[in-house]
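Below you'll find the structure, written out as structure tokens, and then a few comments.
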Amino acid sequence: AKCQCKLLPRERKNCGYPGISAAECKKIGCCFNASTPSVPWCYTPKQKKVKKVCPNDPYTRINCGYPGIKAKDCTKRGCCFRAHPAGVPWCFYHRVTEE
């Protein structure tokens, strides 16, 4: 992702070998930017930021509890709780999405 390559030149960590081409650099999953001399042009991207979200679609919920589980016991397990609609898990796992 482009946003993972937005690093200040001084924050760049070398990811390739001297004289690596832009294509070769990208092929190994690194960022390439030759606009600043004296810093690595092929460098390691920033870590992806992820966040946990409770899925909106009740029919994609993956059960995290048991029938009759209380909201408090569900959240203690680190899961989402929504007491609706009928016929789907009310205590269910988070989804992880990239920011």
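Using the three backbone atoms N, Cα and C, a Cβ is placed for every residue, glycine included.
All TrEMBL annotations are machine predictions without curation.
According to TrEMBL, the protein has these features:
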type	residues	note
DOMAIN	1-46	domain 'P-type'
DISULFID	Cys15-Cys30	disulfide bond
DISULFID	Cys25-Cys42	disulfide bond
DOMAIN	52-95	domain 'P-type'
DISULFID	Cys54-Cys80	disulfide bond
DISULFID	Cys64-Cys79	disulfide bond
DISULFID	Cys74-Cys91	disulfide bond
#### Entry: From Cys15, Cys30, Cys42, Cys64, Cys74, Cys79: disulfide-bonded residues whose CA lies within 10 A of Cys54 (disulfide bond)
Cys79
### Message
Can you tell me the CA-to-CA distance separating Cys74 (disulfide bond) and Cys30 (disulfide bond), as a whole number of Å?
### Response
40
### Task
Measuring CA to CA, name the entry from the disulfide-bonded residues Cys15, Cys25, Cys91 that ends up nearest Cys80 (disulfide bond).
Cys91
### Query
Among the disulfide-bonded residues Cys42, Cys64, Cys79, which ones place their C-alpha within 10 angstroms of the C-alpha of Cys30 (disulfide bond)?
Cys42
### Overall pLDDT for the domain 'P-type' (1-46), taken as the rounded mean
93
### Query
Which has the fewest other Cβ atoms within 10 Å: Cys42, Cys54, the disulfide-bonded residues listed?
Cys54
